[in-house]
Amino acid sequence: MRSFSFTKMHGLGNSYIYVNMFKERLAEEELSYIAKRVANVHTGIGSDGLILICPSDVASVKMRIFNSDGSEGKNCGNGLRCVAKYVYEHGIVQEEQFMIETLSGLVQARVFVEDGKVNSVEINMGKPRLSRGEIPMVGKENDVVINERIDFAGHTYYMTGVSMGNPHAVFYVDRIEEAPVTTLGPIVEKDERFPEGMNVEFVEVVNERELHFRVWERGSGVTEACGTGACAAVVASVLNGKTKRDEETVVHLAGGDLYITWKENGDVLMRGAAETICTGVYYY
Ligand SMILES: N[C@H](CCC[C@H](N)C(=O)O)C(=O)O
């Protein structure tokens, strides 16, 4: 019987099982299987997936994220805040600002510390990618997708496409509690026009500095929060003239609030909580 130590952490209820790969050894070919197993609430630990905290040649640490269906994602905003908290509190890094490597590039983390504990983290998520080629989405690769009319299952919707290193489709609704998260979400996630699948966000605009937000995640389904998705929602809202560039927007997710600014220089800053739930040993 094999085993590894883990830490369960969450960002606004978006929880993952974190494994410190500076100490643990997991077989590459088993990572997808392990992600599915640990995420299972009945026979595993229960989470939205698995996140590996790995050594990096180009940054202080590297983050890899696996969804609960075993697919590997390229970025994870809530995960980045928890990784930053973990590596600071475990002495893997000593500075309060450092770089984290992801499959979609490098990001800068800044931890806010009280009595040796990190209670919130700000991540510079870098620049959003807006062209069809970068989202990715079929069609002319340099075209952008802003409030574009698109049909799913015989109904017409208006979509804004944003990549934060992972793909997001943003739809606006009048009342967030009526958003078709579990009906339209899975249809959009697997639509053939999105070669790498799609994370699906629903947004109600409260005012020019406040959004309500719900999400259907690629590979994980409904989650309490999605950091990259919230960043995509703020970028989409500026592009659609609903919120302002360079001004902080509060995004109300099911699991709590994120504070996000799409700066004039193009970078997207995301600030929010990161919490440790428990540690343990997993047998498989
Ligand atoms: N929950 C994550 C996003 C995971 C994205 C993953 N579902 C994918 O892109 O495949 C976040 O906080 O950004």
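Counting begins at 1 with the first residue displayed.
Cβ coordinates come from backbone N, Cα and C, glycine included.
Among the features that TrEMBL reports, active site, proton donor is placed at CYS76. TrEMBL lists CYS76 with the feature active site. Per TrEMBL, active site, proton acceptor is recorded for CYS226. The substrate binding site annotation in TrEMBL covers ASN14, ASN67, GLY77, ASN78, ASN166, ASN199, GLU217, ARG218, GLY227, THR228.
With respect to their backbone Cα atoms, the residue listed as 'active site, proton donor' and CYS226 (active site, proton acceptor) stand 8 Å from each other.
GLY77 (substrate binding site) sits 7 Å from CYS226 (active site, proton acceptor), taking the C-alpha atoms as the reference points. Counting only same-chain residues six or more apart in sequence, the Cβ atoms lying under 8 angstroms from the Cβ of GLY227 (substrate binding site) belong to GLY11, ASN14, CYS76, GLY77, ASN78, GLY79, LEU80, ARG81, ILE123, LEU258, MET270, GLY272. Listed in sequence order, the residues ILE65, GLY73, ASN75, CYS76, GLY79, VAL215, SER220, THR223, CYS226, GLY229 complete the 8 Å Cβ shell around the substrate site centroid, once ASN14, ASN67, GLY77, ASN78, ASN166, ASN199, GLU217, ARG218, GLY227, THR228 themselves are left out. Under the DSSP three-state reduction, GLY227 (substrate binding site) is assigned to helix.
The number of other CB atoms found within 10 A of the CB of CYS226 (active site, proton acceptor), across every protein chain shown, is 35. A straight line from the CA of CYS226 (active site, proton acceptor) to the CA of GLU217 (substrate binding site) spans 8 Å. In sequence order, GLY73, LYS74, ASN75, CYS76, SER104, ASN199, ARG218, THR228 are the residues near ASN166 (substrate binding site), counting only same-chain partners six or more apart with C-beta under 8 A. Put simply, the two farthest-apart Cα atoms among ASN14, ASN67, GLY77, ASN78, ASN166, ASN199, GLU217, ARG218, GLY227, THR228, the recorded binders of substrate, are 16 Å from each other. For GLU217 (substrate binding site), the same-chain residues that are 6 or more apart in sequence and have a Cβ closer than 8 Å to its Cβ are ASP48, ASN67, ASN199, VAL200, THR223, CYS226, GLY229.
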